[in-house]
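Here is the structure we will look at.
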Amino acid sequence: VLALGTVGASRRVSLQRGLLFLCALVLLLLSEAVEPLGASGSPGGAGDSSGGSHGLQKGCEADVTKSKHPTNRTKKPFPVLSFDYEHVKTPFEISLWVLLASLMKLGFHLIPRLSSIVPESCLLIVVGLLVGGLIKVVGETPPVLDSQVFFLFLLPPIILDAGYFLPIRPFSENLGTILMFAVVGTLWNSFFMGGLLYGVCQIKGTDLNTVNLLACLLFGSIISAVDPVAVLAVFEEIHINELLHILVFGESLLNDAVTVVLYHLFEEYAGVGSVSILDVFLGVVCFLVVALGGVLVGAFYGILAAFTSRFTSHTRVIEPLFVFVYSYMAYLSAEVFHLSGIMALIACGAVMRPYVEANISHKSHTTIKYFLKMWSSVSETLIFIFLGVSTVAGNHSWNWTFVTVTIILCLVSRVLGVVGLTYVINKFRIVKLTTKDQFIVAYGGLRGAIAFSLGYLLDKSHFPMRDMFLTAIITVIFFTVFVQGMTIRPLVDLLAVKKKQETKRSINEEIHTQFLDHLLTGIEDICGHYGHHHWKDKLNRFNKKYVKKCLIAGERSKEPQLIAFYHKMEMKQAIELVESGGGVKLPSAVPSTVSMQNIQPKKPPSDRAIPQISKGREEEIRKILRNNLQKTRQRLRSYNRHTLVADPYEDGWNDLLFKRQKLMEIEKKVMCVSVSLTHVPNWWLHSSDPQAYSSKPTSDDLPTIKVDLASPQSPDSVNLVNEFQKAATQNDPDDDGGLVMKVPFADKDQGEQDNKKEQQRLMRCLSDPGPGGDEEEDEPFLP
Amino acid sequence: MGVFHSAPYEHEFHALAEKTGFSLEQISILHKRFMQLSHNEDSLRREDFKTISDLASNPIRFQIIEAFFDKRNFRQNGEGSVEEISFEQFLTVMSHFRPVPVHTMTEEQRESLRREKLRFLFNMHDTDNDGTITLEEYRRVVEELLSRSGALGKETAKGIADAAMLEVASVSVGHMEPDEFYEGITFDHFLKILNGIEIETRMHIRFLNMDTTNLCK
């Protein structure tokens with residue numbers, strides 16, 4: 001039976017897969033079939049229902065406008081169904097492509113073995129090739145990746161996703177190294193490649209004499225830039241350690257400024273034929289303007305976005321929109337002035353993030369995260385598919401010498417550049433880059449769609465050899481993505497390169513990271529040395545004093561980082577707890593039975609000014625407590641069965657209630673028995689609930705029991721608390737003075753500072769009603 | 001100020017260089033700073049540290065200053081604290097922050113370097129020198145860290161310290177009966193809990209690039 005079951009399962013899976021591919025194929029053929037038909041678009045024709053009612057109306061109108069003599073309308077039968085494709089053509093095709101891309105992505109992950117061997121980018125290019133081939137076979141011209149579409153619509157989401165989630169700490173720590181690689185490395189690559197290619201072109205035998213020096217240099221500058229899209233696509237899957245990831249990735253982002261300047265410089269003057277010293281000098285100035293200008297534009301929009309988010313507490317639903325639109329505006333504004341759009345986007349995302357995240361609701365945060373990931377994923381998929389299609393579509397001019405020399409030079413120049421730069425950089429680094437690191441950095445220098453788009457933008461009249469360039473660029477892209485992309489994973493395993501540590505940030509690490517920061521700053525001040533830490537500290541203080549006050553709403557502006565981290569952690573745990581069904585045990589990373597009472601110091605009686613209790617008295621107390629506990633238990637049971645109408649709740653609630661009971665009893669008894677006890681030991685009061693991190697620790701003298709956020713309460717049980725209260729006050733007025741469970745928000749007269757903060761935090765989470773208005777999940781904590 | 005002024009100390013500097021691992025020029029720069037702080041006397045006192053204006057805004061300045069006067073940091077297996085320190089002791093404490101080329105070390109050397117640096121941190125927390133960081137001491141650490149945040153900091157500090165302690169206990173001991181008591185963080189637990197932070201590569205100051213313009217204040 002088991003065997004049959006598994007066979008059936010696998011058959012089902014393969015059936016699913018088959019269906020999926022069939023589906024995709026059908027969609028494809030449909031798009032091809034639809035295009036030629038679209039030209040005619042005659043009303044009244046049979047066809048798919050995409051015409052529908054619109055077609056109906058159009059049909060009528062067309063009928064009217066078509067005939068030249070309005071009075072001599074020939075009577076036709078009323079068109080019930082008509083076909084009009086033209087007016088939805090563009091959005092229809094775009095949607096079809098996006099759908100195709102997503103289905104492909106879906107398909108790959110259904111095939112388990114394939115996605116672990118071949119990186120997704122390769123598969124997508126292959127699919128693009130197939131699709132392009134199919135289109136050509138059908139007879140249509142496949143679309144080429146339009147540079148306009150690429151730079152304006154496909155690239156920004158990926159860069160924004162990268163910039164918004166950029167890990168600031170490792171990025172800023174390694175900024176010097178990254179800049180060296182990005183600026184000097186790219187310059188070296190361009191000139192080395194351009195120069196040597198020119199030399200090769202001059203050799204008699206190849207018919208490349210038409211390629212002049214400037215054209216070669218231009219080609220060199222296009223091909224030498226490491227591409228962020230390709231790097232992201234490949235590095236995401238191999239999970240190498242943070243340092244290498246940020247080095248290669250940071251380099252791919254920051255070399256945009258260099259590429260932009262070199263590209264424009266050489267493009268301008270390749271037509272003219274010569275470059276003067278003045279132009280070179282201007283080029284350097286241009287580089288600074290482009291880079292810094294881009295960053296400033298991005299930072300400006302980032303601050304605007306942060307400031308706007310300060311006021312969105314009443315319109316939470318459109319918060320994500322501000323993030324996206326401001327960032328896109330930053331990109332476009334930078335592009336207007338030919339500044340580096342990529343750097344603007346990165347700066348915008350990185351600047352706005354800490355402030356926006358402090359202001360927006362939890363739901364908006366999730367929305368932003370998922371939208372960015374979704375868009376960047378779709379963009380990436382489309383880019384690679386289109387690369388494949390463009391390969392089939394484009395006019396190619398294959399020149400063996402040129403292409404092979406290009407590939408070899410790419411590799412050689414990259415390796416030389418990395419090795420040379422590392423030698424210089426290691427003099428200034430504490431954590432030196434080892435040979436293994438250098439290898440990964442060199443090997444991870446993938447080229448991608450940016451190079452292709454830049455090449456495509458070249459004007460054919462100025463550059464007759466554009467097709468040859470494009471062919472070479474595509475070959476290099478294929479080589480790097482396929483060969484390097486596929487082999488980097490086994491190489492990383494082979495070389496035992498350190499992988500990314502998946503551990504969650506613990507509160508101890510956070511405390512000590514901050515402690516270390518302050519310690520190092522202090523030591524620097526003692527040495528009288530204004531170093532790295534000193535300036536970072538100054539920046540932080542400036543940030544806290546002025547900037548945060550402006551950009552963060554309300555009380556959160558004064559919240560120190562450690563507390564923010566702690567609250568975030570608490571919130572996360574609370575949400576986890578609720579999601580796990582309010583069960584007894586929190587599914588924590590470290591299963592343990594250690595609870596709060598284990599760490600609270602039991603102050604021995606001799607330490608304090610408390611009169612000694614004799615042994616006999618102690619025994620008495622214990623006996624009384626034990627008896628009461630038993631009584632309580634029984635009473636609890638009876639309440640469960642008879643007085644409460646609602647559905648019997650799970651064990652967790654029982655336990656909690658019981659513990660609260662116990663504590664209440666113990667407290668009362670202790671108070672009664674020895675009046676002279678001046679200090680109630682801590683552990684009586686603090687709940688023995690395993691994972692209740694009391695965020696607002698009670699002051700020692702106040703015997704209140706607060707129902708903490710982290711306690712397991714399902715929405716039903718909260719209602720029962722009220723029932724319970726009612727029942728308690730009704731039934732047993734004399735015994736133990738009733739069971740008063742104070743739910744924090746029900747008690748208005750506490751009015752303590754911390755309560756307000758608590759409320760505010762919760763308000764931030766819950767004040768976002770979401771698009772659907774009041775939803776169940778909105779109220780896990782409120783009665 | 002030229003090299004000639006430091007000639008009388010040259011001999012001592014060589015000895016110190018051997019001991020602490022600093023280079024001669026680093027030692028002479030630190031010596032100048034020492035002289036400046038101590039107003040040209042031979043020993044530093046706590047009050048001298050208080051004259052450093054930049055230190056005033058540091059939340060953990062008292063702990064840092066105490067660390068300089070803590071005998072445990074003088075690498076002589078001493079205990080307790082002193083009232084004034086000599087240049088050699090100053091240098092010894094500073095040597096905990098010397099940048100070390102980690103990639104040339106073996107695993108054991110790295111491990112011992114880690115232990116040394118974490119020991120320094122541990123000593124800073126363990127003020128009563130009983131070998132464990134109790135809950136009270138940890139609370140004080142967190143309170144100091146949040147000391148610049150007013151009332152909000154004080155209340156949450158307790159909660160944070162409790163949560164952190166709970167975490168250490170969970171990770172190190174794992175299973176405890178309800179009436180057992182977790183004494184405090186021992187050095188081994190401390191090592192374990194801070195495994196994620198690469199202390200050996202982060203806890204250092206770049207003495208090499210010290211600019212001497214600030215010294216002539």
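Placement of Cβ uses the backbone N, Cα and C atoms for every residue, glycine included.
Per TrEMBL, these features apply:
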REGION    A:41-71  region 'Disordered'
DOMAIN    A:99-492  domain 'Cation/H+ exchanger transmembrane'
TRANSMEM  A:118-137  transmembrane segment
TRANSMEM  A:149-166  transmembrane segment
TRANSMEM  A:178-200  transmembrane segment
TRANSMEM  A:212-234  transmembrane segment
TRANSMEM  A:246-266  transmembrane segment
TRANSMEM  A:281-307  transmembrane segment
TRANSMEM  A:337-356  transmembrane segment
TRANSMEM  A:377-394  transmembrane segment
TRANSMEM  A:400-426  transmembrane segment
TRANSMEM  A:438-457  transmembrane segment
TRANSMEM  A:469-492  transmembrane segment
REGION    A:726-783  region 'Disordered'
COMPBIAS  A:773-783  compositional bias 'Acidic residues'
*Name the range, of those listed as A:281-307, A:337-356, A:438-457, A:469-492, that has the largest tally of Cβ pairs under 8 Å with the transmembrane segment (A:149-166).*
A:337-356
*Report the listed stretch (A:118-137, A:246-266, A:281-307) having the maximum count of Cβ pairs within less than 8 Å of the transmembrane segment (A:377-394).*
A:118-137
*With the transmembrane segment (A:118-137) as the reference, which stretch in A:178-200, A:212-234, A:337-356, A:400-426, A:469-492 has the largest tally of C-beta pairs below 8 Å?*
A:469-492
*Using a Cβ cut-off of under 8 Å, list the residues of the same chain at least 6 residues beyond the transmembrane segment (A:400-426) that approach it.*
176-177, 180-181, 184-185, 188-189, 192-193, 196-197, 200-201, 206, 208, 223-224, 432-433, 437-438, 441-442, 445, 447, 468, 471-472, 475-476, 479-480
*Decide whether the stretches the transmembrane segment (A:469-492) and the transmembrane segment (A:178-200) have at least 3 CB pairs under 8 angstroms, with pairs required to be 6 or more apart in sequence.*
no
*Going along the chain, which residues at least six beyond the ends of the transmembrane segment (A:246-266) come within the CB cut-off of under 8 Å?*
159, 162-163, 167, 170-171, 174-175, 177-179, 181-183, 185-187, 190, 214-215, 217-218, 221-222, 225-228, 231-232, 235, 275, 279, 283, 286-287, 290-291, 294, 338-343, 346, 437, 440-441, 444-445, 450, 454
